[in-house]
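**Q** Sharing the record's features from TrEMBL:
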type	residues	note
DOMAIN	A:9-85	domain 'Sodium symporter small subunit'
TRANSMEM	A:21-41	transmembrane segment
TRANSMEM	A:53-73	transmembrane segment
Amino acid sequence: MADHNMNAAAYWSANLRYITISLIVWALVSYGFAILLRPWLAGINVGGTDLGFWFAQQGSIITFIAIIFIYAWKMNKLDKKFGVEE
Amino acid sequence: MSQFAINLLFVGASFALYIGIAIWARAGSTKEFYVAGGGVNPITNGMATAADWMSAASFISMAGLIAAGGYANSTFLMGWTGGYVLLAMLLAPYLRKFGKFTVPDFIGDRFYSRGARITAVVCLIIMSVTYVIGQMTGAGVAFSRFLEVSSAAGIWIAAGVVFIYAVFGGMKGITYTQVAQYVVLIIAYTIPAVFISLQLTNNPIPMFGMFSTHTESGVPLLVKLNEIVRELGFQDYTADVDNKLNMVLFTLSLMIGTAGLPHVIIRFFTVPKVADARWSAGWTLVFIALLYLTAPAVASMARLNLLTTIYPDGPTAAALDYAERPDWIKNWEQTGLISWTDKNNDGRIQLYNESPNFAATAEARGWAGNELTVNNDILVLANPEIANLPGWVVGLIAAGGIAAALSTAAGLLLAISSAISHDLIKKTINPQISEKGEMLAARISMAGAILLATYLGLNPPGFAAQVVALAFGIAAATLFPALMMGIFSKRVNSTGAIAGMIVGLVVTLVYIFTYLGWFFVPGTNMLPNTPENWLFGSTGYGISPLSFGAVGAIINFIVAFAVSSVTAPPPKEIQELVESVRYPKGAGAAVDH
């Protein structure tokens with residue numbers, strides 16, 4: 001039982017770590033690149049405008065998709081590693 | 001064949017398809033009625049969720065909003081997609097593991113309290129009912145424009161179709177009709193966009209065309225658009241926003257609100273496993289992105305098309321002669337969504353920004369005011385006509401707009417009716433009710449919810465237009481924090497959660513009502529809704545009432561933790577429940593409670 005609890009705690013903290021990293025990327029592309037950091041990225045030209053504009057209208061959405069699939073894939077591996085998969 | 005006959009054919013064929021699916025997918029048990037039996041493929045569910053989520057607002061209004069606001073309205077694009085990241089990691093897998101039927105179900109069990117369940121039901125009903133009004137009126141508008149019936153008749157027809165598949169099929173019928181509706185709406189949205197992108201940039205993919213060279217002028221499309229709008233006194237299409245705090249908070253409110261919408265969350269109860277819930281969220285966003293990545297391209301291209309139509313020889317040369325206006329302007333003038341008044345009596349159409357900075361230039365050009373008003377909503381609907389596409393594309397747009405409205409309406413109606421039949425009747429008023437009795441109660445609640453939605457669609461209260469502020473604000477400030485704390489904290493107890501939800505709800509509503517009027521009654525607002533009067537307005541970083549949901553959510557979290565920390569921790573079995581939702585093993589069994 002003690003072993004089970006330790007495993008459970010390790011599984012959950014690994015999940016929390018994945019979530020934290022994912023949310024940092026999530027915030028960086030949307031609130032960062034697309035909004036707050038846009039003036040600093042103004043020098044990078046994308047199709048007649050700047051990188052921040054591209055992130056606001058395209059890049060953040062594409063990154064969101066990548067985040068979810070990577071998270072789902074990592075969690076599936078984690079489920080198997082800890083034997084909690086269905 | 002006349003355009004009317006084509007439209008009738010497309011809309012009629014799509015309705016026949018939905019009803020056919022309804023007959024095939026009848027619900028035989030409450031599990032089928034509430035969660036489609038729990039056996040929906042994650043990709044299928046992704047498609048259904050995309051249709052469930054993308055409403056008349058996404059299909060019809062969003063591109064128009066972006067066209068008008070340019071960069072500043074990117075908030076809708078990020079806000080309405082970023083919520084799925086939160087849903088995929090913070091809510092969906094654990095709520096799927098919990099394995100019950102409704103959102104208040106989790107809140108009621110996790111916070112071991114009838115009060116928490118009822119609070120969640122009340123929040124759910126307020127936000128879902130407001131939201132459904134917009135879908136009914138949206139369907140009415142689409143009917144009246146394309147099928148030459150009155151808007152009221154359109155709403156009755158829409159309600160009748162939803163009635164057939166939602167009352168008999170429940171979630172099962174809704175799921176498979178939503179898949180069909182997704183296919184209809186995405187084809188309808190994409191085809192005109194591809195043609196317009198080809199015409200303007202030679203690039204068949206709109207999301208790339210938007211950043212390509214405008215073939216006619218040889219400069220990048222967005223540079224060309226910036227040049228034209230600048231000449232007409234508007235700010236640059238790609239211009240940055242000064243009040244970044246408000247932009248961040250508005251985007252955050254939309255994201256948290258999206259993740260907290262019950263009609264979206266319950267769709268993830270229909271997949272077989274926890275892992276499927278995670279994948280399904282990813283697929284949902286893929287299907288949503290097909291429209292959301294195209295929308296900004298439609299926005300910029302439609303705005304450029306409109307302005308080059310009005311100013312064929314550039315904004316500094318003579319504008320379009322009203323007598324020579326294209327057919328699509330004539331068509332939409334009849335609906336009142338485009339109107340023209342010749343203020344300087346030159347018989348030409350002047351469209352520009354009447355700002356003080358531009359007044360001198362306008363006067364020098366002999367302009368006496370902006371003469372053309374164009375409703376944002378027509379951009380998508382008129383797109384095929386603007387690009388001179390064949391009649392069948394117009395018919396497709398009609399079917400697509402109606403599909404977007406119906407699919408969202410059905411999802412909302414299910415969220416409302418299951419909260420009534422399951423949370424109020426089965427879990428609160430009459431726990432002894434039989435499976436058969438609950439099933440009947442579910443069907444009656446659904447029929448009642450449809451009648452209510454129809455009534456409100458026919459007699460929309462004045463606040464219907466404020467639906468974004470209200471539905472997203474409430475979802476962000478109440479349900480999302482409660483659900484998240486229920487999963488990620490074992491310490492938050494019943495008193496804390498209820499206090500958090502109520503304070504979050506009240507503070508958000510009071511802030512919205514302060515600027516938009518008490519219960520949206522015009523004239524009852526205590527402060528004018530202008531940036532200077534918003535909270536922190538004097539600093540130039542005011543928080544708009546639309547952006548306040550995120551603040552409400554933060555307040556909810558703080559209150560819930562503070563109250564919980566001075567009251568007793570949740571009982572042991574509740575802490576074990578929290579523990580169990582965190583691990584996927586056993587979800588298949590959990591649903592057969």
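Cβ atoms here come from the backbone N, Cα and C positions, even for glycine.
Unlike curated records, TrEMBL annotations are generated automatically.
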**Q** If we skip the immediate neighbours and take only residues 6+ beyond the ends of the transmembrane segment (A:21-41), which ones have a Cβ under 8 Å from one of its Cβ atoms?
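**A** Residues packing against the transmembrane segment (A:21-41) from afar: 50-53, 55-56, 59-60, 63-64, 67, 70-71.
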**Q** Averaged over the domain 'Sodium symporter small subunit' (A:9-85), what pLDDT does the prediction give?
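**A** PLDDT averaged over the stretch: 96.
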**Q** Summarise the domain 'Sodium symporter small subunit' (A:9-85) by DSSP state, stating how many residues are helix, strand and coil.
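**A** Counts, helix then strand then coil: 63 helix, 4 strand, 10 coil.
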